[in-house]
């Protein structure tokens, strides 16, 4: 199994430390790849969003089930999320840039909340939930 995360931008040092800790834990269950897309500096937000979206699409591995993280996506419980992501051989999660992505390119959308989260923090939340999903599937004590 391989989990891929494609995200626009780089993490700051403190968030990176937390992210790396969960990435290390995930390697027990699955390969994990992080693909960071450089944030585009164009002033025109629609052009910026389009360029970032096309860059993301070009990085998605073949035969991968893709989930865009979006406020418009479907909500899952931790148990449902575990079933969703641990039954596929190759999964890619996408976190767009600060101006979003062109969502029509993405069939599957997941929402963790109707709230808006800072991108730095959300990347850590996502990887923690991926780790939690594996602990649920493997009946480990982490999830209560």
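In case you wondered, yes, glycine gets a Cβ from its N, Cα and C as well.
According to DSSP, residue 112 (S-adenosyl-L-methionine binding site) sits in a coil region rather than a helix or strand. Residues within less than 8 Å, Cβ to Cβ, of residue 112 (S-adenosyl-L-methionine binding site) and separated from it by at least 6 positions along the same chain comprise 69, 75, 122, 125, 126, 129. Per Swiss-Prot, S-adenosyl-L-methionine binding site is recorded for 68, 96, 112, 113, 114, 115, 116, 117, and the stated evidence type is sequence analysis.
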